[in-house]
Structures are given as structure tokens and as C-alpha cells.
């Protein structure tokens, strides 16, 4: 499951980027040097909050992939990108943007990825854990704050951006600042740090990633759970009545 590049690329929706081009770009960078930033398919951030994220990513001086979902391509964000010269600076830095759906599993499994900046949705959390990648946690609403605690406080494989309040759906403009560029920069720098604490976090992430992969192999807990589910459904199928 998800061992072949094609399987990884086709997980979820159709990617909005050429996978060959994406992999060629990733191959340019040293192992563990690239930040992958994606805040899910229903992110509720305003254009100025997305601008803070973009500036924070830029200020780390690390290569990064930034996923801008269709709903996030607002007029305000596009105006800011053009007026502030952000896209021109992006071309000079050679960062990679994905506008739309991202082949997330394919990206996270590449050795160049050193950190996953995520909203901590459960699917993304599991994909980050399974890939063995340290997480920068930026929860926005609902159970994402519990998932943040899991990766930061329980598993010890992540760092929190410091979001203190949930984004209320439909009232994003009234929620105030979720994060500032300085918070983004600081959290990423902690995760990417080459010191003892950073190395231990990466070791833990790799170790837990291997544990997660074993659960879906034959005899693993998830493998057995799926077998039991299939058996349960089959035994109750009308055709067997």
C-alpha cells in the first residue's frame, strides 16, 4: 500500500502539478532540507493570514513547497503576491508552489522533506507520522488541536506554532490573527535545528514512522483490523443469507 510512486501520487484527488517536475525539483535538495506547507482542503484562513504564512516560510531561508488550495486563491491574496513582489522573489529562491490539489503522500515520502507544516487534520497527521517527518503544528479548528497535542506532547515529533484560538467557520475575518510570520519562522527553525533536540525529534519521527508502516503489513494491527472488518461485512452480506 502506497509503496510505489504511482500509488503515492494517485492518493486522493488528481494532482494540480506535474509529478515528474515536482520530483525533479525535490531531487535538487539535500535530505531533510525542504519544508512542505499544506493547511488542508478546507482551510479557513484569510488572505492576510496566508500572507503571514508565506512571509514566515520565506524568512526561514529554507527551500519550501507551499500548497495554495483553490479556495485560498482569493483576490486579496493574489493582489498581495503581485504587489509585494512575492512571486518574483519566489522565482529567485526557486521555491515550489502548488495551486490546487497536492500529491501529499508522494511529497512526504521524499527524503528531501525535513518538516511538514500542517493544520493537523487527522489524515494529514497520519500521513506525516507514517512518512517519519517532523511536524510543525498549526491547528485551525475542531479536533486538530487534540492532534497537535498528540504529535507535540505525546509522540514528541512536532513543534507548535502557538495557535491559541480556533478559526470560526464563516467568521474568519473576525477571528483576528491566528499566527504571525515570526511564529511560523521560529517553529520551523526549531524543527529544522541540527542540535541535539532536533536530532532526537527526527529520530523519534523516523522510529514512529517505521512502527506505523508495520501496522499495515501482513500481521500488523491495521492489517488484522481490516481483515476482521472484511470478514464481518462478508458474513452479513445478503448473498450469504
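Heads up, the Cβ atoms here are built off N, Cα and C, so glycines get one too.
Feature annotations, courtesy of Swiss-Prot:
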BINDING   104, 119, 122, 123, 124, 127, 143, 144  UDP-alpha-D-glucose binding site
BINDING   142  anthocyanidin binding site
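Cβ environment of residue 144 (UDP-alpha-D-glucose binding site): 119, 120, 121 lie under 8 Å away, each six or more residues apart in the same chain. Shown are the binding-site residues 104, 123, 124; of these, the residue with the fewest other Cβ atoms within 10 Å is 123. DSSP classifies residue 123 (UDP-alpha-D-glucose binding site) as helix under the three-state reduction. Cβ environment of residue 127 (UDP-alpha-D-glucose binding site): 104, 105, 108 lie under 8 Å away, each six or more residues apart in the same chain. Residue annotation for UDP-alpha-D-glucose gives 104, 119, 122, 123, 124, 127, 143, 144. The furthest Cα pair among them is separated by 21 Å.
Taking the Cα atom of each, residue 122 (UDP-alpha-D-glucose binding site) and residue 142 (anthocyanidin binding site) are about 11 angstrom apart.
Within its own chain, the residue listed as 'anthocyanidin binding site' has 166 as residues 6 or more apart in sequence whose C-beta sits under 8 angstroms from its own. Non-local neighbourhood of residue 143 (UDP-alpha-D-glucose binding site): 122, each in the same chain, at least six residues away, with C-beta under 8 Å from its C-beta. Under the DSSP three-state reduction, residue 104 (UDP-alpha-D-glucose binding site) is assigned to helix.
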